[in-house]
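Take a look at the structure set out below.
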Amino acid sequence: MNGVLTLLRRSPRASAGVALLAALLLLALCAPLLTRYSPTSQEFGTWLKPGGAHPLGTTPLGQDIWAQLVYGARLTLLIGFTAGLAATAIATAVGLTAAYFGGKVDEALGVLLNVFLVLPGLPLLIIVSAFLRGGGVWSIILVISLTGWAWGARVLRSQALALRNRDFVHAAVVSGEGPGRVIFAEMLPNLAGLIAASFFGTALYAVLSEAGLAFLGIGDVSQVTWGTMLYWAGAKGALLQGAWWWVAAPGLCIALLGTAFALINFGIDEVINPRVVHATRATQVLRRKKTSSGPERTGPAPLLDIRHLDAGYITPNGQVRAVRDVTLSVAPGEFLGLAGESGCGKSTLAFAATRLLDAPGAVFGGEARLAGQDLLALSSEQLRRVRWKDYSLVFQASMNILNPVLKIREQVYDAMQAHGVQDRARLEARARELFALVGLREDYLGAYPHQLSGGMKQRVVIAIALALEPKLIVMDEPTTALDVVVQRQILQEVDAVRRRLGIAVVFITHDLSLLVEMSDRIAIMYAGEVVEEAPAHHLYAQPKHPYTRQLMGAFPSLDGPRERREGIPGRPPPLSQDIAYCPFFERCPSRMPGTCDVLKPAKVEVAPGQHVACFLHSPAVKEYPDAAD
Ligand SMILES: Nc1ncnc2c1ncn2[C@@H]1O[C@H](COP(=O)(O)OP(=O)(O)OP(=O)(O)O)[C@@H](O)[C@H]1O
């Protein structure tokens, strides 16, 4: 309803179209009030001129033309609306199914679509209606619906394809919502304007097709429609007899109806296009959790256990191995920070381990276990059940997962509903509780995403990620787009919540000083490998890997005077090549030619919980203690 009001307010064309359509609808509905005569009765004089009891005269069969016009409006509008609805329903179903499923489904539907698009409209209509002759007005509706859906389907498919790649749709998929729910609850509302425009476009096509078919004498010409009026006027030589009004009246009505549909169609386009252009947003949520024990770790059994994970991208120029033989684990309730320069593979690691790496991304080998369950071996249905409930993920562009046309409340409900919580009172209570947890006022539940600031949307996404109390949340630079103060506030709240609920967090960022403050343990990645991992305070006080040291040096210290910081000279090796030696060799100030550029250092435990992959700390170089410290 709000949408219709907005349309009328913003578009004078749509208002004019709606007014015209309303007038024609009134004509059809009030037919018995507008004439005393039946449209089919033949009781009057023939070829009477307009005037007196017959405002539009009579036909050569003695029928009242005005009565035919007002009653004819009923069937004409019925055909327009019903065929428009049916064709739009087919177009929407085909367009969205093709876009959502993609691949072979899209190809098959694309072939069907192209066949219907290249078949010439009128001949097709004539052939199909010849087959369905005798079915009365419903066969005409069927013919028009079957021949009129393809254009709408093509437009809807291309828009739905763009929508399918939007973050909020990805987030809905990974949060466990089934295809039906994603299509109808997430994608469809965003296509409402386009679907409405498609409906009015198809209704216009239906009215014109009916008139064309009727004029050619195809279909049931005993029915009274504006089209069959034209047919009889032509067949009886109305123009030759000088009865031009018999042709003009239905012709004008068809033109007015067509104009009304076209105006509404234009109006919708006018209003929805800018919205489509401006509708952007950011935030992604997923989840994950894991358990298993790694040989290098002592203490509690890990929740997330990544072993020898190899992942990356398949490009036309070969494989990019962005994650190389990574073994990493996270204990229940632990805050693990993952740091490293841009492009070192942090996001790829998070995506690969949580089964979110889409093509051209691929996992080449290894394991990622969550509470003992091998995530990489799960079917999509099993995965759907695990995500959201057991683990969630908050991504860099975290505001994008919020659907612009749904209220925040529905989006907070969605994840819970997808996992079986249906009771409205429970949903509402939980939503309020979550908002309190992330420091948002409850009344924002009733707002739309555009009414919230970036920081607030970020909190909403984090609230959604917490909705089912997952055991693990992976956060990939979740606050990068926000200012430092908001960033810190949000992180402090996340930390407080995870401590209270015992949730483990994997936190990815470039900002090592932030990690040192927040994390229990930190893993440093370089060129796709984890080169050092250690308890946060240990890493801060005693970084062992030359890369970690340089990375520390590139950030301001937590205390002490302000001073100029230098970046790390040089660049990491390209991840498209094999690196059978220390990947940091070229940039390392302590490199040992003949060793570091020939062999790969294994990870060794240099202090409790501190593992380093560097020959400076391997037994072979223990004789160079000075170099190691
Ligand atoms: N779609 C892709 N196709 C090919 N290579 C890719 C693709 N996406 C990422 N890469 C490459 O994979 C490597 C790792 O990228 P990734 O985004 O995981 O790094 P990151 O450490 O998370 O970086 P950032 O901190 O900038 O997000 C980079 O070298 C990047 O160029």
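Note that Cβ sites are derived from N, Cα and C of the backbone, with glycine treated the same way.
Going by TrEMBL, these are the annotated features:
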DOMAIN    73-265  domain 'ABC transmembrane type-1'
DOMAIN    306-552  domain 'ABC transporter'
TRANSMEM  77-101  transmembrane segment
TRANSMEM  108-131  transmembrane segment
TRANSMEM  137-156  transmembrane segment
TRANSMEM  191-208  transmembrane segment
TRANSMEM  214-232  transmembrane segment
TRANSMEM  244-268  transmembrane segment
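Most Cβ pairs within less than 8 Å of the transmembrane segment (137-156), among stretches 77-101, 108-131, 191-208, 214-232, 244-268, belong to 77-101. Two recorded stretches are said to be in contact when at least 3 C-beta pairs lie under 8 angstroms, sequence spacing 6 or more; the transmembrane segment (214-232) and the transmembrane segment (244-268) meet this definition. For the domain 'ABC transporter' (306-552), the predicted model reports an average pLDDT of 86.
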